[in-house]
């Protein structure tokens, strides 16, 4: 695995930028999807003169929010599963290059691709990921996105604990201090968001949302640490991990979950947990939802790939730090939308007295991140990087889109 502390290499920096940029668009597009309203199919069936599949005539008062959690989960898995295509393209390209070099030098080359076991081991992080996504998306229905980002700060703690317990990694004293500062920072940000929130949902619903997001964050941390272990122990480059994990999740979602929530388990959505016919009717009724779903899927591919690159080049804990810092970018983008782009709309966030408190929390987040990395060394901590630098130097020249490993026999 890559470095746990010290300066990040080029691949890690590219991945970090990807997490911050594409991760911001991912959350904002998801928030936009959940805020959109459309005419549900049962209204179209009951209220004449509105007929089924006749859109644009539904009164605004009859429209409902597009809270189709399982649909969103299946779409996200379908989108990110396409990452397996460039992985196999890279494998084929490297195989061709290796054969050409072997022919020129008259030396045999061994092409090391992911083993058969790797294809099945990916099921473990896939199951963690799909249920984490579902829990956190359901939680977002009950709480504000700012509060969700605060709670996701617990991922740093979960990843740190799991890394020590299961990966037997050593986390230094200054890094535990950085973790503690991160908890303080997200608490400051979250409390300011709660105080500034205009959410009128019952406290029981908000408490349920908090529980769902924390549970999802714990599962997400388990997923990240499992990916960390697999990329270290097996030949599992980021594109392979992302593509296969999503393929397994998509298959499980379509074959098992979707039939259960659409036809078997009773619920509040036309007698189902989630009525798939109603989902497509609402999509046809509001084209903005379709646009947002496409944007969400595309940005999610790049965000998840970038996150796996960071895990491979550093550690799962470093990745979790930047997942938390991403909330700073989300907050800034939300302010830009609310104060500049759509000033007189329901979208975005407005600057208030509590925004100064949030700003202080985000500054502390950035400080705790650089403290954990060890890039800036403080006199009251002990730093030891000789093992890390050795690992980093051995990985510095590895390609970012690694598809296999090539061994030359002299």
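Keep in mind that glycine also has a Cβ here, set from the backbone N, Cα and C atoms.
Database features, via TrEMBL:
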- 12-34: transmembrane segment (TRANSMEM)
- 69-89: transmembrane segment (TRANSMEM)
- 112-189: domain 'EamA' (DOMAIN)
- 119-141: transmembrane segment (TRANSMEM)
- 147-167: transmembrane segment (TRANSMEM)
- 174-195: transmembrane segment (TRANSMEM)
- 207-226: transmembrane segment (TRANSMEM)
- 247-266: transmembrane segment (TRANSMEM)
- 286-309: transmembrane segment (TRANSMEM)
- 354-375: transmembrane segment (TRANSMEM)
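Only pairs six or more apart in sequence are counted, and the transmembrane segment (174-195) with the transmembrane segment (286-309) gives fewer than three Cβ pairs under 8 Å, not enough to call it a contact.
The transmembrane segment (12-34) and the transmembrane segment (119-141) are in contact, since at least 3 Cβ pairs between them lie under 8 Å (pairs 6 or more apart in sequence). With DSSP classes pooled into helix, strand and coil, the tally for the domain 'EamA' (112-189) is 62 helix, 1 strand, 15 coil. Contact count against the transmembrane segment (286-309) (Cβ pairs under 8 Å) is highest for 69-89, out of 69-89, 119-141, 207-226, 354-375. Between the transmembrane segment (69-89) and the stretches 147-167, 207-226, 247-266, Cβ pairs under 8 Å are most numerous for 247-266. Among the listed stretches 147-167, 247-266, 354-375, the one sharing the most Cβ pairs under 8 Å with the transmembrane segment (119-141) is 247-266. Here the transmembrane segment (207-226) lies next to the transmembrane segment (147-167) in space: the count of CB pairs under 8 Å, restricted to residues six or more apart, reaches at least 3.
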